[in-house]
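Below is one structure, written out as structure tokens; comments come after it.
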Amino acid sequence: MGFPIPDPYVWDESFKVFYQLLDDKHKQIFQGVFDCAKDPSSAAKLQKLIEVTAKHFSDEENMMQQSKYSGYPPHKKAHEEFLGKLRGLRAPLDTAGLDYCKDWLVQHIKTIDFKYKGKL
């Protein structure tokens, strides 16, 4: 059992990684998951979530590479696995798919992302 899933599903200060670009992208991903949960039949909202997530992962990985962050390889692998699963989802989204996305994002930020605080 990991960190609790916020309800309503919104970003709050407890998710802060202290890099403005990354915090802003995390907020956008939270909003994307929230929007998909609100309208699970919308393929457009799912596609936007995928695009925002892919862009964020790219930005975050670039920062890790530039700073020579030692945790980069497993972090990138986690991103690739999640993005693969996200791209495999189809609208209408079922509860299991939405719950997976919600839980993954919370656990990823609070465990894996928090490891790079102060190192990028």
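Including glycine, each Cβ sits where the backbone N, Cα and C put it.
A helical conformation is recorded for Glu60 (Fe cation 1 binding site) in the three-state DSSP classification. Listed in sequence order, Leu22, Lys25, His75, His79, Asp113 are the same-chain residues six or more apart from Glu60 (Fe cation 1 binding site) with CB atoms under 8 A from its CB. Look at Swiss-Prot and you will find His26, His56, Glu60, Asp113 tagged as Fe cation 1 binding site.
Residues or ranges marked as Fe cation 2 binding site by Swiss-Prot on the basis of similarity to another entry: Glu60, His75, His79, His108, Asp113.
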Query raised in the report: Which residues, in sequence order, are found in the same chain with Cβ within 8 Å of the centroid defined by the Cβ atoms of His26, His56, Glu60, Asp113 at the Fe cation 1 site, excluding those residues themselves?
Result: Val17, Leu22, Lys25, Ile29, Phe57, Asp59, Ile109
Report task. Work out the three-state DSSP category of His26 (Fe cation 1 binding site). Result -> helix
